[in-house]
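*Asks:* A single structure is presented below for examination.
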């Protein structure tokens with residue numbers, strides 16, 4: 001019987017999905033649960049993805065907004081800080097409450113914290129390029145005293161900002177920003193403040209840059225570009241913007257296959273597909289399956305680089321072994337209930 005489904009090319013971007021920092025953060029919660037038992041408390045979403053959060057909840061993690069929400073009878077259980085980083089006041093509060101905590105801050109976010117503190121130590125007022133209210137921005141600003149950091153969100157902000165000492169300024173950036181948009185803000189700041197000091201190393205992380213490069217490469221000629229990610233995921237929203245600017249006719253952010261607006265899509269022959277750094281691979285598979293149910297799909301890999309970065313987990317939990325099923329869950333390849341769909345792609349101790 002002839003296949004009557006229309007043909008569709010899916011350009012599957014690589015790299016996509018979980019980065020080393022997200023892998024590490026999820027591992028920390030899983031390892032803590034295995035070593036200390038449930039419940040393990042997590043301050044804020046460990047990463048911006050409900051699928052991951054719900055999977056960890058099913059294993060015994062309890063998510064809270066602030067430390068005072070942890071019941072007195074559970075104060076001997078560990079609490080994990082999210083991958084986005086926290087202000088200095090949070091670990092200080094944990095110590096005051098005699099809580100045992102594990103910091104899952106991405107090492108690349110911690111690097112930005114150190115860059116900001118170095119600027120201040122050298123007598124510079126710190127300019128932070130980022131999005132107001134994002135947990136990473138709150139964490140970075142919370143490394144320094146009130147008034148020591150000015151947040152710049154747009155080129156317009158860069159044009160209108162003023163400082164008491166324009167010769168002693170240094171900037172850092174949120175790690176998940178659009179590379180192109182950030183370049184425009186930095187260019188404007190450098191034009192206005194020629195003595196502006198840059199960080200010793202790039203603030204935007206390798207995973208953000210790599211995912212944007214892959215989307216930029218795949219987008220021209222796409223009728224539709226889907227980005228798997230949460231609405232509160234900064235790096236995922238930037239990928240939607242990159243796809244549109246790079247030539248995709250339409251770009252959408254979806255959390256699950258059920259979010260795809262089939263009626264809005266219309267006639268399509270080429271679809272781009274990528275995932276933000278906190279989106280699990282199993283949802284990418286789910287979306288491909290949804291297209292296969294409607295189209296005769298041909299998948300083309302649009303890979304621009306291969307990532308090999310690995311980050312160690314906290315010393316306190318390195319003695320715990322993960323099973324194959326644990327590792328598949330950490331990699332986003334494992335449904336909350338059931339057996340692993342794919343073999344793991346990480347090494348324990350990463």
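Each Cβ is built from the backbone N, Cα and C atoms, and glycine gets one as well.
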*Asks:* Among 7, 278, which residue does Swiss-Prot annotate as binding (2E)-4-hydroxy-3-methylbut-2-enyl diphosphate at the site that also has 48, 84, 134, 175, 233, 234, 235?
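*Replies:* Swiss-Prot lists 48, 84, 134, 175, 233, 234, 235 binding (2E)-4-hydroxy-3-methylbut-2-enyl diphosphate, and from 7, 278 it also lists 278.
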*Asks:* Name the residue, out of 161, 205, that Swiss-Prot lists for the same [4Fe-4S] cluster site as 19, 106, please.
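*Replies:* As annotated by Swiss-Prot, 19, 106 share the [4Fe-4S] cluster site with 205, chosen from 161, 205.
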*Asks:* Give the number of CB atoms, excluding that of residue 106 ([4Fe-4S] cluster binding site) itself, located within 10 Å of its CB.
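*Replies:* By my count, 26.
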*Asks:* Based on Cα coordinates, which of the following binding-site residues are within 10 Å of residue 106 ([4Fe-4S] cluster binding site): 84, 234, 235?
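*Replies:* Among 84, 234, 235, the ones whose Cα sits within 10 Å of that of residue 106 ([4Fe-4S] cluster binding site) are 84.
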*Asks:* Which residue, of the binding-site residues 48, 84, 134, has its CB surrounded by the fewest other CB atoms within 10 A?
*Replies:* 134
*Asks:* Give the number of CB atoms, excluding that of residue 278 (dimethylallyl diphosphate binding site) itself, located within 10 Å of its CB.
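*Replies:* Looking across every protein chain shown, the total is 32.
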*Asks:* How big is the gap, in Å, between the Cα of residue 278 (dimethylallyl diphosphate binding site) and that of residue 19 ([4Fe-4S] cluster binding site), rounded to a whole number?
*Replies:* 7
*Asks:* State the Cα to Cα distance, in Å, between residue 19 ([4Fe-4S] cluster binding site) and residue 235 (dimethylallyl diphosphate binding site), rounded to an integer.
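*Replies:* Just about 11 Å between their Cα atoms.
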